[in-house]
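What follows is a short report on a single structure.
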Amino acid sequence: MIKKFLNRKGQNYAVVHLNQNFKENSVDDKFWIYCETCKSQVFRKDIEENLNICPKCNKHYDFSARKRIKLLLDENSFEEFDYDLEFKNILNFPDYETKISKYKNATNEKEAVITGKGLIHGVEVVLCVMNPKFMMGSMGAIVGEKITQSIEYAIDNKLPVLICCASGGARMQEGMISLMQMAKTSQALSKLSDAGLLYISILTNPTTGGVTASFATLGDIIIAEPNALIAFAGPRVIKQTIKQDLPKGFQTSEFLLEHGFVDLIVNRDQMKDTLFNLLSLHGYDYCKEGDLIAHTEH
């Protein structure tokens, strides 16, 4: 049967022509990805082995929360905070329970954020990582509470806080309660600042809505991954409102760096070392005993 692929006698290789619809149908292809940035067909395994980064153009694709924790923290150092917060459909929003159950089964996670503490090259930190695969990383009461309690733990134990943001914004199924989390998390970060402790915000694709308007942009240092969408409202909504064309690259991390809203753009594979350097510059380092933190008051 393979003979039909050989164009001429004596040919010992086959020429395989891609389907004309490859571009449109390849995003979920088992073996290939059509990179939307460099317009190349890339072997899926090459991207996955490169931390979900296109090896041809450096496009940063989605990265799971668990993989991000493993990437940033020292091996076997992560201790997850289990606040045992029970989901409640306070507003009796239709089908909300069904959706939550669906995302729990799909992601094997309880909510849209994972919180805990761990070590970055021996420096202890409190780490919160949002999961865009869980209801678009939307922030509801439990997400807000987990982040707030993590910040309070950091204050009590004099630890720096790192939050990896990836969210579609406030969760509409919880209405005003979800919007209250913006003020709640912001107030907790204000107390962290008053305690003289460092907060580093890491913006990944996408960071939007109420998360952008609260804790995501309150970092003492704000880092972004390349080409991340960082916004409050989407570009289509803004364009329809102001009736003007938007600048090229509007709402990308590069645009925000140029205009002073982001301090650093860091590749995923360089993030851990960059965070360690920033922690060291701010007085967080090893104690002689080993795995404790020495915090210098400023």
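Don't overthink the numbers, they just go from 1 along the chain as shown.
Backbone N, Cα and C atoms are what each Cβ position is placed from, and that goes for glycine too.
Unlike curated entries, TrEMBL annotations are predicted automatically.
What TrEMBL records for 31-297 is domain 'CoA carboxyltransferase N-terminal'. The Zn(2+) binding site feature in TrEMBL is assigned to CYS35, CYS38, CYS54, CYS57. As annotated by TrEMBL, zinc finger applies to 35-57.
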| message | With DSSP assignments reduced to helix, strand and coil, which class does CYS35 (Zn(2+) binding site) get? | response | coil
| query | For the recorded Zn(2+) site formed by CYS35, CYS38, CYS54, CYS57, which further same-chain residues have Cβ atoms within 8 Å of the site's Cβ center? | reply | GLU36, THR37, LYS39, SER40, VAL42, PRO55, LYS56, ASN58, LYS59
| query | If you count other Cβ atoms within 10 Å of each one's Cβ, which of the binding-site residues CYS35, CYS38 has the most? | reply | CYS35
| Tell me which residues of the chain lie with their Cβ under 8 angstroms from that of CYS57 (Zn(2+) binding site), as long as they are six or more apart in sequence? | CYS35, THR37, CYS38, SER40
| query | Can you check what DSSP calls CYS57 (Zn(2+) binding site), collapsed to helix, strand or coil? | reply | coil
